[in-house]
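Feature annotations, reproduced from TrEMBL:
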- C76-C404: disulfide bond (DISULFID)
- C270-C284: disulfide bond (DISULFID)
Amino acid sequence: KRRPRSASSCGSRAVVAMAPRREAGLPLLLLVLPLASAGLSGYFGTKSRYEEVNPHLVSDPLSLGPGVGGSLPASCTPLQLRAVLRHGTRYPTAGQIRRLGELHARLLRRAAGAAACPAAAALADWPMWYEESLDGRLAPQGRRDMEQLARRMAARFPALFAARRRLALASSSKHRCLQSGAAFRRGLGPTLDFGGDEVEVEVNDSLMRFFDHCAKFVALVEENDTAMCQVNAFKEGPEMKKVLEKVASALCLPVEELNADLVQVAFLTCSYELAIKNVTSPWCSLFSEEDAKVLEYLNDLKQYWKRGYGYDINSRSSCILFQDIFQHLDKAVQESKSSKPISSPLIVQVGHAETLQPLLALMGYFKDDEPLLASNYARHAQRKFRSGRIVPYAANLVFVLYHCDHVNASQEEYQVQLLLNEKLLSFHHSNETTSTYTDLKDYYKDLLENCHFKEECELPKVNVTAVDEL
């Protein structure tokens with residue numbers, strides 16, 4: 001690993017190589033972020049409940065919501081559904097649990113003199129119930145997330161989920177994903193016969209954890225400290241400093257005893273308690289909504305530079321999954337044209353936020369005009385790139401291929417819709433929520449023909465710095 005770059009040196013050369021600056025002379029607007037949801041729950045980034053993007057599910061977990069809109073003509077029949085899911089609600093990782101334990105132990109040690117410090121006293125009394133053995137495993141709520149998603153999907157596409165249709169179910173090798181796949185299958189109930197009593201969940205890390213298999217990404221982003229330069233600079237910047245001082249004051253701790261990572265652990269504990277147990281934890285009392293926006297930006301900065309638009313390799317490494325999706329769509333079109341039954345009408349794959357975020361970036365979704373940097377927090381108040389709105393727990397990206405009768409031209413015979421978290425996404429090339437399959441393939445022609453995983457992921461032979469390379 002390279003030595004970490006100090007925050008103060010995270011500017012000039014690195015930023016020029018990493019991302020374009022805003023044009024000089026353009027007005028810089030300070031924007032006000034609309035309230036995402038009551039309290040802090042709208043700002044938990046990748047640790048957000050799925051209900052944050054679909055609030056109607058709070059009162060009715062099986063509701064299909066206020067309609068997907070843009071429905072196809074009655075003469076269109078769904079042929080194939082390809083869903084890429086993020087696993088359901090999970091427990092914190094062992095590392096997060098360890099840091100929380102350290103912070104809690106520190107508060108316990110100070111509890112004796114904490115009479116004048118109600119926040120610290122309340123947290124010292126809080127039972128530390130997380131154990132390292134839980135390490136990122138699927139929580140009971142995560143199983144419910146998946147079972148209910150399966151039931152809603154079947155209700156939305158009854159023809160595809162009808163009895164005796166083949167379901168191909170794949171997952172990453174991580175326990176939380178395998179359990180999520182099994183829960184999804186369980187949610188479809190015993191009435192659906194998918195050619196056997198139990199659908200095997202196939203492990204496919206080459207598609208669901210493509211990032212682990214991409215040497216260039218691993219070396220130049222995952223294991224390169226300087227790649228997270230902007231994240232580290234923001235941790236030491238004025239916005240985080242203000243949050244740090246406020247939390248230290250609430251806990252009656254010297255500010256030197258806290259750092260951005262410990263404050264983030266406290267904030268994420270608030271998010272875990274809400275997602276896993278549906279309770280408002282005393283940890284939440286440390287933060288205002290303004291603090292939550294700052295901590296959300298810290299999470300989004302990490303997602304942006306590690307999984308999003310920060311470096312090309314983040315998204316280019318997902319071309320193996322993108323092309324696989326279109327190969328199956330192609331096959332379904334060919335089978336339909338030959339009047340054969342569709343061999344894979346339902347393909348459901350369970351991965352991670354890190355599976356979906358690069359894929360959506362590859363497709364050009366949620367890209368802001370200006371890169372996310374440590375220095376432009378205020379200007380990004382209304383950014384598109386908000387990981388909690390894109391990849392909360394149980395996030396799902398669904399491609400649906402249709403065959404349409406009574407069309408004006410042969411290229412209109414096969415059409416596609418794209419849903420993210422059960423809402424239709426507009427296609428970039430048309431701004432419509434339905435596209436002919438021909439037009440969609442044409443728009444992504446370069447990615448389908450020229451994005452080769454092996455070549456993209458090869459480490460450069462010449463010895464250049466990571467920043468120059470990226």
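Easy rule for this one: first residue shown is 1, then count along the chain.
Quick reminder: no glycine exception, Cβ is built from N, Cα and C everywhere.
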Among C76, C270, C404 [disulfide-bonded residues], residue with fewest other Cβ within 10 Å: C404
Pairwise Cα distance for C404 (disulfide bond)/C270 (disulfide bond) [Å, integer]: 48
Residues near C284 (disulfide bond) in space but at least six apart in sequence (CB under 8 A): G39, L40, C270, E273, L274
